[in-house]
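Q: To start, I am sharing the structure in question, which I have written as structure tokens.
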């Protein structure tokens with residue numbers, strides 16, 4: 001499929017080192033602060049979501065980072081999003097490869113990604129969406145758990161549109177390093193991610 005910038009996650013985890021292929025070019029990202037709604041209060045996830053256990057490969061995901069869930073899939077905010085609204089949609093079952101998903105899981109995963117994308121595109125006043133999967137290590141996957149990168153897009157967010165795929169690889173590597181080293185997150189705190197998840201959660205209520 002496409003790629004998948006698994007940019008997201010966790011404050012504490014231990015990943016296996018993985019050396020990505022050398023890049024031959026550098027993506028040029030035009031950084032934007034997109035207009036979006038804000039709220040002053042951040043509420044906890046609903047009881048049914050808080051009671052669930054969310055896994056992302058070998059990592060446990062804090063329920064505060066999850067903003068939408070179905071019986072088979074869940075969507076979470078990103079530790080280091082490439083663009084505003086860049087989130088991950090994953091199967092609840094820990095599955096390494098896309099081809100190992102059941103028919104029901106495959107259908108639910110894509111329907112969930114579609115529903116998430118529609119809402120985030122509107123929320124962030126975007127005009128397009130990138131859906132990306134990196135299926136396997138040679139495709140750039142660093143966390144062994146199927147996930148779809150859902151990224152709202154706007155004109156001019158990248159100088160060359162195809163550069164987003166190189167940028168996804170870079171972010172995937174950064175995510176893995178953050179999880180491996182358990183370094184303090186500078187760009188996104190749990191409070192920030194929880195606040196964002198809370199705003200996205202309201203889109204599904």
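Indices start at 1 and increase along the chain as displayed.
For all residues, glycine too, the Cβ spot is worked out from N, Cα and C.
According to TrEMBL:
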ACT_SITE  147  active site, tele-AMP-histidine intermediate
BINDING   78, 134, 140, 141, 142, 143, 149  substrate binding site
SITE      165  site 'Important for induction of apoptosis'
Q: Which of the recorded positions 78, 141, 143, 147 has its Cα nearest to the Cα of residue 165 (site 'Important for induction of apoptosis')?
A: 141
Q: Between residue 147 (active site, tele-AMP-histidine intermediate) and residue 134 (substrate binding site), how many Å separate their Cα atoms?
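A: Cα to Cα, residue 147 (active site, tele-AMP-histidine intermediate) and residue 134 (substrate binding site) are separated by 8 Å.
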Q: Mind giving me a neighbour count for residue 147 (active site, tele-AMP-histidine intermediate)? Other Cβ atoms within 10 Å of its Cβ, every protein chain shown.
A: 30
Q: Give me the count of other Cβ atoms within 10 A of the Cβ belonging to residue 141 (substrate binding site).
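A: Total other Cβ atoms inside 10 Å, all chains included: 24.
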